[in-house]
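Feature annotations, reproduced from Swiss-Prot:
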BINDING   Asn10, Trp11, Lys12, Gly175, Ser215, Gly236, Gly237  substrate binding site
ACT_SITE  His99  active site, electrophile
ACT_SITE  Glu169  active site, proton acceptor
Amino acid sequence: MTRQSYVLGNWKMHKTIQEAKEYVQTLASLLQGEPLSCTIGIASPFTSLRAIHEMINTTGAFLWLGAQNVHPELSGAFTGEISLPMLKEVGVEFVLVGHSERRHIFGESDAFIASKVKSVAQAGLVPVLCVGESLEVREEGKAHQVIKKQLLLGLEQMDNGSEFLIAYEPVWAIGTGKVAEASDVQDIHMFCREVVAERFSEATAEEISILYGGSVKVDNAQRFGQCSDVDGLLVGGASLEGQSFFEVAKNFNV
């Protein structure tokens, strides 16, 4: 079946509000000149979300606006955190959950990630659940085992029929310049579908879009576009410049 393709840019801790505005203007112009069939999304820092939302409305560009993180509670004494009502108010439509940097730098557990996935879905936004193995785990031959655990625990509180995306991001390939072989990525994506089928249904497994993330650049994006179970990309550094992000996205213009 034909699944919707997504190419999502994760800016991480980059770009001021003014830089974000200039970026969206550039990307909007590129998309107007050459519309793409894939859904292009940007997960910016919290400070730029409102400005980007306004730019999307002004330019008429079809861009999916996302956040890089959220707290599962709707309000409370959580210093430094952002809630779902706050994100919805500034036009956010999807949220990255379980990114490896949140897991490993900030110590987020599978249980906490599961609560975020559930809260994002209940708020009417789309959670993008990120999963992936470390180099040590891969070398030990335990990648499937770890990813299955992350998926089952991360989706534990989700109902069948709830909308979500999965992003496979091998930890050893994020920001390192190391790129996974297309055959390895295809294998993991097929395995992710098997786990989703086990957790929900075969129909859900066939419908769900699974993205790849890990040192994706213009010169290697094509290899993933040719994989039957890769439905898009989660792009880090290559998403920070509008032209390069656009060139990456063209590999999923089907």
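Cβ from N, Cα, C; glycine included.
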Which one of these binding-site residues, Gly175, Gly236, Gly237, has the sparsest Cβ neighbourhood, judged by other Cβ atoms within 10 angstroms? Gly175
Within 8 Å of the Cβ centroid of the substrate site residues Asn10, Trp11, Lys12, Gly175, Ser215, Gly236, Gly237, which other residues of the same chain have their Cβ? Ile174, Val235, Ala238, Ser239, Leu240
Between Gly236 (substrate binding site) and Glu169 (active site, proton acceptor), the C-alpha gap once rounded to whole angstrom: 11
Just name the winner among Asn10, Ser215 (the binding-site residues) by count of other CB atoms within 10 A of its CB. Asn10
How big is the Cα-to-Cα gap, in Å, between Trp11 (substrate binding site) and Glu169 (active site, proton acceptor)? 15
For Trp11, Lys12, His99, Glu169, listed as recorded positions, tell me which one has the smallest number of other Cβ atoms within 10 Å. Lys12
Inter-residue C-alpha distance, Asn10 (substrate binding site) and Glu169 (active site, proton acceptor) (nearest angstrom): 12
How many Å separate the Cα atoms of Lys12 (substrate binding site) and the residue listed as 'active site, electrophile'? 11
For His99 (active site, electrophile), find which of the recorded positions Glu169, Gly175, Gly237 come within 10 Å, Cα to Cα. Glu169
Could you round the CA separation between Gly237 (substrate binding site) and the residue listed as 'active site, proton acceptor' to a whole angstrom and send it over? 14
For Gly175 (substrate binding site) and Glu169 (active site, proton acceptor), the CA-to-CA distance in whole Å is 11
